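Engineer: First, the structure itself, so that you have it in front of you.
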Amino acid sequence: MGAKASSLLLLLGLLGGLWLGPVSELAAMDLAEGWEYRWGDSPFNAEGVPVWTLDQSSAAWSAIGFPSNPPGRNGQTNLWVRTTLPEGDWRDPVLYLFSVDLIVEIYLDGRKLYQYGRFDDAGRGRFEGWPWHMVSLPQDSAGELIYFRIFSDYKDIGLWGEVQVLERIDLLRRLVSGSIGRLIASGLTLLIGLLSLLFALVQPERGVFASLALFALASGSTVLSGAQANLLLFDAPLFWDYLGAAGYFLLPVAMAMLLQQWLRPAFQRLLGLIWMLNLAYLFAALSLSWVGVVSLAETYPVFDLLFLVSLLVMLLPALRFFRRGTRDQHLILAAYALLSLLLLLDMAVAHNVLPWGQVPLGWGSLGFALAVVVVSLTHYARMQHALRLLNASLEQQVQARTLELEQLALQDSLTGLKNRRFLDETLPRELALAKRQQSSLSVLICDIDHFKRFNDRHGHAAGDAVLQRVASHLHRVFRHTDLACRYGGEEFVVVMPGAGMDDARRCAETLRQLVKTDQIDYDGQRLEPVTLSVGIASWLDVERDADELLQRADRALYRAKANGRDRVECSD
Ligand SMILES: Nc1nc2c(ncn2[C@@H]2O[C@H](COP(=O)(O)OP(=O)(O)OP(=O)(O)O)[C@@H](O)[C@H]2O)c(=O)[nH]1
């Protein structure tokens, strides 16, 4: 089985044991007191044993409570510290360190027990990350002096946090249970990050979701890199440290971008400046530390200063905006303020302004990410709803407009009668109906006589008035079920479904009389009366199609014209 698989199994087993099994009394001995320190590095004898570990006397050593940053450093990078291992009834004792700055060798009884990082011949070394350490102790080591050879070119040197002796299984349980919160918080935050990334790719509010994805992935990585159990999953401290640094340095970038999206259009330039500055710092810090110009540890204090300033600068406009914002923006800003507070507390702990303790940063980040998710999703849902409504009303408008256009396309604009296109579509249908029902159908073509002359005398506009007048007579004489159309120019066609030749002739005569006797005034003067010639054809069940029927009516009209106009002629 591979190392990764076995450590995963171990983690799962521990998780199971943690949830299912009874939690034992954790008998841990704190080594928080009674240390000695000595600046510089020990010479080594011919066997490679550090000489300082062979001399038990305290002559060259100074007493100190706990060896974090012992006094009198004067720029030195090498430090030795030692203490006596406590008495106890151990089965499988380990020494737990969290944490040491920055590389260390541990000696017991003149023998090297543990090494983290690599010392060169000059006693110096390269940054290797700052993980927790689990050092196996021999069972009979109680009461012996244990020595720590430490190198650090960071501003802090010595041991930090906790140094304890305890049973291995208790330590593993504690590491896992201590990480559960962070593992869950970071898992959820990373999940939010991935989902946001997906949303950023597929839906329109790209900016909000992309910056939320950045924030959630950054804070999720930071929190995960701080979960002590991560080394059980993947034993690569430097990887976790760089991931943690990248995530941490990205936080102000993502926060400024998110606020930029949410406070739009206010404070855009200021927030843009903040994220660009922080992003530039991230690239500079990580690449310089990667090539070894500075240590990763050294990049933190400068960043913390930048972060502090960024947080305060971002907090001020955010608070000023609070009064004017919407409910959604209030929620985001409240979550943002809470997260900022936690970040400030965390910074204060890291810089010894506050006593050592775990700040629930993970939950703060998760809360912030959740607030943004909730607001973004409700915003998205509201937008979708509004879009659906808009869509529906647009569809309605388009339908109504289409109908209008269709009607317009079938209508003559001057007279309001149906046009020739309408007749072309309708007449064949009416004919088919008449055929099926064996009913009559007549077609009339009415043409105004000498209309050219009329136009020439009275003008085109007066001609239009006459056309409109004839149209109104058509309305009056024929039924609603008859189809009166302007066929073109001064020609009208009426289709009379159910009407035989006699009916049609009677209507045509009525119309002819009406038009002839009509008195039309136009532009303050009485116009000369116009007359109509009408040709009629009735369906005889011998025509092949509508055209043939129309042609017969047209021939009848021609006869009416030829016979002196102002008359009705019927087809044979
Ligand atoms: N004012 C007006 N005149 C139109 C319109 N459409 C066609 N006309 C005119 O109608 C006249 C039709 O002339 P012709 O086809 O020679 O027929 P006509 O003068 O009526 O002679 P007959 O039909 O033989 O009695 C033309 O002068 C067209 O310009 C219109 O919309 N308004």
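Just so it is clear, glycine is given a Cβ too, placed from its N, Cα and C backbone atoms.
Note: TrEMBL annotation is automatic and uncurated.
Copying in the features that TrEMBL gives for the protein in this structure:
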type	residues	note
DOMAIN	439-572	domain 'GGDEF'
TRANSMEM	180-201	transmembrane segment
TRANSMEM	208-227	transmembrane segment
TRANSMEM	239-259	transmembrane segment
TRANSMEM	271-293	transmembrane segment
TRANSMEM	299-319	transmembrane segment
TRANSMEM	331-349	transmembrane segment
TRANSMEM	361-381	transmembrane segment
Engineer: Going through 239-259, 271-293, 331-349 one by one, which has the most CB pairs that fall under 8 Å from the transmembrane segment (361-381)?
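Structural biologist: When the Cβ pairs under 8 Å are tallied, 331-349 comes out ahead.
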Engineer: Averaged over the whole of the domain 'GGDEF' (439-572), what is the pLDDT?
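Structural biologist: Taking every residue in the domain 'GGDEF' (439-572) and averaging pLDDT yields 93.
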Engineer: Summarise the domain 'GGDEF' (439-572) as counts of helix, strand and coil residues per DSSP.
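Structural biologist: Across the domain 'GGDEF' (439-572), DSSP assigns the residues as follows: 60 helix, 35 strand, 39 coil.
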Engineer: Check the transmembrane segment (271-293) against the transmembrane segment (208-227) for contact, please; criterion is three or more CB pairs under 8 Å, pairs 6 or more apart in sequence.
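Structural biologist: The answer is no, given that the two segments have fewer than 3 Cβ pairs within the 8 Å cut-off.
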Engineer: Who are the long-range neighbours of the transmembrane segment (331-349) in its own chain, taking Cβ under 8 Å and residues 6 or more past its ends?
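Structural biologist: Apart from its flanks, the transmembrane segment (331-349) reaches 251, 255, 258-259, 262, 304, 307-308, 311, 314-315, 318-319, 321-322, 325, 355-357, 359-361, 364-365, 367-368, 370-372, 374-375.
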